[in-house]
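First the structure, in the form of structure tokens, and then the observations on it.
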Number of protein chains: 2
Amino acid sequence: VDYQHVQVPFEITLWIMLASLAKIGFHLYNKLPSVVPESCLLVFVGLIMGGIIYGLNDKSPPVMDSDIFFLYLLPPIVLDAGYFMPSRPFFENIGTILLYAVVGTIWNVFGIGFSLYGICQVKSFQLQDVSLLHNLLFGSLIAAVDPVAVLAVFEEIHVNEKLHILVFGESLLNDAVTVVLYKLFRSFCEMPAIKTMDVLAGVGKFFVVGIGGILVGLAFGMISAFTTRFTKTIRVIEPLFVFLYSYLSYLTAEMFHLSGIVAIIACAMGMKRYVEANISLKSHTTIKYFMKMWSSVSDTLIFIFLGVSTIGENHEWNWPYIFFTVIFCLIWRALGVLVLTFFVNRFHVNTVTGKDQFIIAYGGLRGAICFSLVFLLPEFHRKKLFIAATTVVILFTVFVQGMTIRPLVDLLDVKKKRESAPTVGEQIHIRFLDHLLAGIEDISGHWGQYYWKDKLEYFNSKYLQKFLLREYDQPKSSIVLLYEKLERKHAIELAEAGQLGHAPSPPPLLHSAFPCSNSHRSVTTDGKPEDILNPDVLENIQEILARNLFRIRRTVPAYNRHTLPGETEPAEQAKEILILRHRSL
Amino acid sequence: VDYQHVQVPFEITLWIMLASLAKIGFHLYNKLPSVVPESCLLVFVGLIMGGIIYGLNDKSPPVMDSDIFFLYLLPPIVLDAGYFMPSRPFFENIGTILLYAVVGTIWNVFGIGFSLYGICQVKSFQLQDVSLLHNLLFGSLIAAVDPVAVLAVFEEIHVNEKLHILVFGESLLNDAVTVVLYKLFRSFCEMPAIKTMDVLAGVGKFFVVGIGGILVGLAFGMISAFTTRFTKTIRVIEPLFVFLYSYLSYLTAEMFHLSGIVAIIACAMGMKRYVEANISLKSHTTIKYFMKMWSSVSDTLIFIFLGVSTIGENHEWNWPYIFFTVIFCLIWRALGVLVLTFFVNRFHVNTVTGKDQFIIAYGGLRGAICFSLVFLLPEFHRKKLFIAATTVVILFTVFVQGMTIRPLVDLLDVKKKRESAPTVGEQIHIRFLDHLLAGIEDISGHWGQYYWKDKLEYFNSKYLQKFLLREYDQPKSSIVLLYEKLERKHAIELAEAGQLGHAPSPPPLLHSAFPCSNSHRSVTTDGKPEDILNPDVLENIQEILARNLFRIRRTVPAYNRHTLPGETEPAEQAKEILILRHRSL
């Protein structure tokens, strides 16, 4: 037997296999996942595994290597999060999210750091050798909400979209703050004296790390979109580029000490739209499927490793320090959310309610990022205490908060995610209001979110699309495509009901397909609205309407200063529909 | 800049990116791939890359690490080959393939080894220090035809199915022989004296390595199929199991010094049927797509690395040795094919023609496996000579043979792969003959291939399927499914032509769906046969007929001693069709 030779890939494969089998195991019993979140079960499996390894070898099981975590396990999860990020609620709440992520995290870091330093001054706790700087360093790693943990728990409780994006967006974007503060305090710990300049440089660094990450990500995203322009003859490697470029953006950002998480999210959000238009449908399925699969395996491995790494002799136990760490984490987060939301609500009509605030504060779960950071700390005599405190905080948030948050959401009657997609009517009205507001903002000279969105769309269609999309020269009218799709669906239904050619067929769906609001009416007045208005079709209709309404608004004489009336597009659309109509008669 | 930290994943990603971009580059100019095989172009890119690295660093560029090749690059390609192996021609020609793979490879090893030893005796060549054993060791690594190279070239020249499977099957299955002989001679080189026992043990080892590989592969394949029974609630990780289990089979085989290639092929061929029945359609698309993508990237990387590794100072140049190696590789392969085919043709009605023999001999391409094996040789003073000879042989076969084989195939007018799929009529007759022959063999007591095939099918449906398939209890009649599919297709065509409800609809496709030969007739007598008989549908029809005919044959009173007449299945099928008919009226 030559085990040495195959050891590395063999053990990696076995770990992934264990993770996958554990996942299958939980889902075999349908009741289990509805009571206990999967993350708790996985940590539990990890604890058992760790116990077995510890018992057999009589030495601590291997802890999760921080490099493996940051280089291999974290990127797939963040990529998945960025690629499937609902962009509308994200950009609508970007101000609030940034406030929570930046100011909130700084607040937590200093709050926890200083109050723990206060605890260290109590003589009977025997903690006087922990300096203020070490406490702040510890605060910087324990303060950040963890995207992996948040995602694992919030995916199962289905709170409303806004609440979800607030917590989840914060957990992703606070990475820039965490990176800066953690590295800053770590370098301060090693410096003999700290000058004011260093502190100021730290503040400046934050902008470099965050904005640099965004720029790196967007650059790679654009290159990726551009590359997929040329894959028409070799479809089979298309999915590869999405993974390669986003991973490269992460690694490049890490290499320059920028925020890798921010970079990969910017890359994924930037490229998605163009890549999807360029690649084939099968490549798209593969990308979606593989991304979900990969992130789900990474996620599983992280929680199992968290459990395994908990067992062992890495811990120094000090009741007061650990107890107060948990308490301060809870208190400072709650206070931070209260204060920040107070300011947010003063400037917004659509306020964050008290219940929402409670869930935001309570959903501040800590996870594997803290855990990896604490192991990356330079060696000093109280490192094991920090490891113990971090482990307890993570287990507390994952088990206690993770398991009680669902009952609490039910108890408080927090607004849930709506089960049904918004109706076509709602969708049209939302779009209409968007355009109206963009126009009002344009006239009044107010540079608000609608103004910028409109400008971005204009820039996109005028320059980016021509450069990044392969088939921009031959735009297909998606309303015509929808019509064909609905007709086809209808025909299939008829065929399945066996009525093809027997029953008098209902009139074709599209009497006067243009303008679009009519298309909606003709769908609802059709003989079998309940069949056609199922969620799938609705979603498609909305997507298509969303795209077309934009195009129409831009091409008819509008408040926009950049376009002249009388562009050709509507005429072409009408012509296409006429041709189709003609063919069908 | 912290390059050290991200170096490993960064460089891997960059290499993969280079490979993918090179692939896209070639395909941008459509004429290039039709003249020069992709493998040549990739080696060429590698040579340039290697030259650049050599020029910049003034030291040899890194050679392809044998471990990386065998553990990470080779498995995806072999998995792809095994998973998409056309099983019918493979099993029909298994005897011939094994003869070429086992006897042919041994013939080549000893032929090349002994004649090179003869060359070494010529004093003026200054090669007297190369012993017989070293020549045999060299013969064992240079003799084996390489699956990666064969696949890359034969995929582009489209020779007939039998010829393709003969060369390709040989290149896969000779791995067991190569592994045994290579390890045997290597251990002999290190032994002080060789006993007869050792030689006998070597012969015995061959069976262990080959059959052990098959058993390991089949075991993992069955476990994999069994696992996918339980993934219904968690579809997203289904594709993972195909990759994990087949990789585990490869690693396990390698660990026990068995043939990893044989193991992974047995695993893939064994699990395919059951896994595909258990998993969802989207998972299936993902598996197919990802496997193709992965193997294509691996393949690209291997050829690029081959080029890069060629540049440098690893070579000792000795004209006679290198020249005669190339010559002997060609001569012994040609002789081997001639002699073995002579025996094969004596026992087969469907003979291997002279042209086929020429292409088999000429298609004996060497590739990256030889290259990795020669670097794995223990250090001795003539290792660099072996490396040089191997490199030349590989480059000669890839460039000269690879580039001339397509013109030769055209010139000799070798029978090509038929472009169109066989008609339904042909398919039915082939199936009919299969069953007839199985019956004849059963009656006459001759244990031929049809007899075993029939027994295997019986065992499969009686035991394996029940154990490995999730939905075996509710078998769906696939003829009914086909009917539904055709109706649906028909309806879509109508809808697309705009004739839904206007034109008098042609009668439903299925007048009397049972027995199956009628289904064929009704398709061809339909109004628009050219639409329905396109390759896609035909393929489906064939697949379905193939499965159903088997079922019908087994369930009506047959020559089979295991079944009693009057089982319920045909009745059920008929009932289902009746129900469907009823619903449609």
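Placed from the backbone N, Cα and C atoms, the Cβ positions cover glycine too.
Heads up, TrEMBL stuff is auto-annotated, nobody curated it.
Here is what TrEMBL says about this protein:
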type	residues	note
DOMAIN	A:17-409	domain 'Cation/H+ exchanger transmembrane'
DOMAIN	A:532-585	domain 'Sodium/hydrogen exchanger regulatory region'
TRANSMEM	A:12-29	transmembrane segment
TRANSMEM	A:35-56	transmembrane segment
TRANSMEM	A:68-85	transmembrane segment
TRANSMEM	A:97-120	transmembrane segment
TRANSMEM	A:132-153	transmembrane segment
TRANSMEM	A:165-185	transmembrane segment
TRANSMEM	A:206-227	transmembrane segment
TRANSMEM	A:247-268	transmembrane segment
TRANSMEM	A:289-309	transmembrane segment
TRANSMEM	A:321-347	transmembrane segment
TRANSMEM	A:359-380	transmembrane segment
TRANSMEM	A:386-409	transmembrane segment
Query raised in the report: Should the transmembrane segment (A:97-120) and the transmembrane segment (A:132-153) be scored as in contact, given a threshold of at least 3 Cβ pairs under 8 Å and pairs 6 or more apart?
Result: yes
Query raised in the report: Residues of the same chain, at least six outside the transmembrane segment (A:359-380), with any C-beta under 8 angstroms of its C-beta?
Result: 63-64, 66, 69-70, 73-74, 100, 134, 137-138, 141-142, 144-150, 153-154, 159, 163, 166-167, 175, 178, 182, 186, 189-190, 302-303, 305-306, 309, 329, 333-334, 336-338, 341, 352, 386-387, 390-391, 393-394, 397-398, 401-402, 405, 408-409, 412, 414
Report summary line: If you count CB pairs under 8 A between the transmembrane segment (A:165-185) and each of A:12-29, A:68-85, A:247-268, A:386-409, the winner is A:247-268
**Report entry** Intrachain neighbours beyond the transmembrane segment (A:132-153), with Cβ under 8 angstroms and 6 or more residues off its ends
**Finding:** 37-39, 74, 77-78, 81, 105, 108-114, 116-117, 120, 167-168, 170-172, 174-175, 177-178, 181-182, 184-186, 188-189, 261, 299, 302-303, 325, 329, 332, 363-370, 373-374, 377, 380, 382, 386, 389-390, 393-394, 397-398, 401-402, 405
Query raised in the report: So what's the average pLDDT for the domain 'Sodium/hydrogen exchanger regulatory region' (A:532-585)?
Result: 50
